[in-house]
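**Student:** Structure below; questions to follow.
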Amino acid sequence: MFNTLKILDLPENERPRERLIKYGSQALSNSELIAIILGTGGRNENVLSLSSRILKQCEGLNGLLTLTPEEIMTLKGIGSAKAAKIIAVGELAKRFKAYKSGDVYIIKSPGDVAGLVMEEMKYFKEEHLRVIMLNTKNIVISCKDVSIGSLNSAIVHPREVFCEALKKNSASIVICHNHPSGDPTPSSEDINVTKRLKQCGIILGINLLDHLIIGHSNYISLKEKNIL
């Protein structure tokens with residue numbers, strides 16, 4: 001018979017929860033924090049050992065938190081419940097870093113746009129087109145993904161891009177999309193779609209300020225490249 005080993009099975013001075021309360025979260029390693037999230041180990045493996053192993057398999061925290069639920073569940077000792085906990089923590093971390101609730105986020109440069117979306121979008125495995133809506137003072141009103149898949153004029157329709165902006169009474173928008181390859185160099189289709197959306201924005205009275213292409217470690221602003 002197999003046993004699922006719990007945190008309480010560990011000596012008290014090795015239990016991550018007790019160590020967190022006594023010494024603070026900063027004193028804990030990534031594997032100890034993951035152990036608290038998981039709560040229990042696997043078959044004949046305590047939760048600290050499980051956490052250390054999956055972090056090693058994923059080459060660290062970034063690798064683990066960018067996996068899909070299906071990919072996480074291929075790891076030995078991780079079922080749907082544990083996978084859901086890991087995915088939830090990763091999503092909360094991305095949302096907290098990207099845009100804190102209640103904050104006023106002002107777009108003054110392409111770097112400001114990258115700071116808002118890059119941490120999340122650089123890990124997407126499919127292309128996402130995101131619209132950032134701004135008021136007259138360039139304060140972010142809302143963000144919305146309007147397309148998932150290849151960015152081309154046949155798929156990306158101005159109606160989807162500008163519909164939400166009109167509802168929000170946006171003065172202007174910035175669009176962003178990621179290249180799963182990691183190379184943010186714009187394709188000819190990227191440029192054509194951008195120019196088409198720019199013209200539609202002029203007609204609707206909503207200025208397209210910039211289009212950022214997000215790579216794994218950098219981004220390209222079509223405005224800075226004088227393409228827009």
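Just so you know, the numbers here start at 1 and follow the chain as drawn.
Glycine residues also receive a Cβ, built from the backbone N, Cα and C atoms like all the rest.
According to Swiss-Prot:
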type	residues	note
BINDING	H177, H179, D190	Zn(2+) binding site
DOMAIN	106-228	domain 'MPN'
MOTIF	177-190	motif 'JAMM motif'
**Student:** What is the number of other Cβ atoms found within 10 Å of the Cβ of H177 (Zn(2+) binding site)?
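**Tutor:** Taking all protein chains shown, H177 (Zn(2+) binding site) has 27 Cβ neighbours within 10 Å.
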**Student:** When DSSP is mapped onto helix/strand/coil, what comes out for D190 (Zn(2+) binding site)?
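**Tutor:** Once the DSSP labels are grouped into three classes, D190 (Zn(2+) binding site) ends up as helix.
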**Student:** Which three-state DSSP class does H177 (Zn(2+) binding site) fall into?
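**Tutor:** SS state of H177 (Zn(2+) binding site) = strand.
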**Student:** Neighbour count, 10 Å Cβ-Cβ cut-off, for H179 (Zn(2+) binding site): what number do you get?
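**Tutor:** Around the Cβ of H179 (Zn(2+) binding site), 22 other Cβ atoms lie within 10 Å.
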